[in-house]
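J.: The region 'Interaction with host APOBEC3F' annotation in Swiss-Prot covers 14-17, 74-79, and the record cites sequence analysis as its basis. The region 'Interaction with host APOBEC3G' annotation in Swiss-Prot covers 40-44. What Swiss-Prot lists as region 'Interaction with host APOBEC3F and APOBEC3G' is 54-72, and the listing cites sequence analysis. Taken from Swiss-Prot, the feature region 'RNA-binding' applies to 75-114. Taken from Swiss-Prot, the feature phosphothreonine covers 96, 155, 188, and the record attributes it to sequence analysis. Per Swiss-Prot, Zn(2+) binding site is recorded for 108, 114, 133, 139, and the stated evidence type is sequence analysis. What Swiss-Prot records for 108-139 is motif 'HCCH motif', and it gives sequence analysis as the kind of evidence. According to Swiss-Prot, the feature motif 'BC-box-like motif' maps to 144-153. Swiss-Prot lists 151-164 with the feature region 'Multimerization', giving sequence analysis as the kind of evidence. Sequence annotations record features per position, and here Swiss-Prot assigns region 'SOCS box-like' to 151-180 based on sequence analysis. Look at Swiss-Prot and you will find 164-192 tagged as region 'Disordered'. Residues annotated as phosphoserine in Swiss-Prot: 165. As annotated by Swiss-Prot, compositional bias 'Basic residues' applies to 176-186.
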């Protein structure tokens with residue numbers, strides 16, 4: 001019998017960024033109570049030796065499962081120390097992997113009532129519409145003109161600590177091009 005392998009997309013992530021994300025998730029689950037219904041599975045509750053933690057986020061009858069890994073093969077850079085994140089959308093027996101942008105967008109659509117395309121219809125029907133969104137990571141594009149006008153009028157309040165973003169968790173902070181000053185004034189160029 002031949003080996004049967006299953007391939008998963010695992011986003012390389014910084015160890016400290018994973019620790020920060022886990023502590024934000026736990027804070028909002030147990031202290032601020034903004035993450036109701038979420039389930040956190042510790043590494044010792046998993047049978048897989050590489051799983052560091054799992055966070056299950058319910059989305060109606062489906063759920064988003066964010067799994068963090070440790071002890072993976074290191075990447076081509078020195079700082080890729082074998083830490084990673086996989087993001088799955090599960091509904092009954094079906095599961096598929098999603099990217100961090102889509103994961104944040106799904107969380108935003110399910111949990112946060114903010115000013116969006118449907119807000120004008122809600123306002124006409126007499127429902128209360130709030131132009132402030134607590135989870136800005138769920139917006140992956142520039143909003144309509146009405147949204148921009150309302151956000152210019154109302155200053156958003158900062159939430160401390162911020163709600164955990166999946167995109168921020170998987171963001172590669174080392175491979176961003178470094179901005180350096182050019183030799184003429186304050187013009188910036190991409191450094192190497």
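Positions of Cβ are set from backbone N, Cα and C atoms, glycine also.
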J.: Rounded to a whole number, how many Å is the Cα of residue 96 (phosphothreonine) away from the Cα of residue 108 (Zn(2+) binding site)?
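T.: Rounded to a whole number, the Cα-Cα distance is 19 Å.
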J.: With every protein chain in view, how many other Cβ atoms are within 10 Å of the Cβ of residue 108 (Zn(2+) binding site)?
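T.: Around the Cβ of residue 108 (Zn(2+) binding site), 22 other Cβ atoms lie within 10 Å.
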J.: Mind giving me a neighbour count for residue 96 (phosphothreonine)? Other Cβ atoms within 10 Å of its Cβ, every protein chain shown.
T.: 9
J.: The region 'Interaction with host APOBEC3G' (40-44): which same-chain residues, six or more beyond its ends, come within Cβ distance under 8 Å?
T.: 25-26, 29, 51-56, 70
J.: Through the lens of DSSP with three states only, how would you label residue 96 (phosphothreonine)?
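T.: DSSP assigns residue 96 (phosphothreonine) to strand.
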J.: What is the three-state DSSP composition of the region 'Interaction with host APOBEC3F and APOBEC3G' (54-72), stated as helix, strand and coil residue counts?
T.: 0 helix, 14 strand, 5 coil
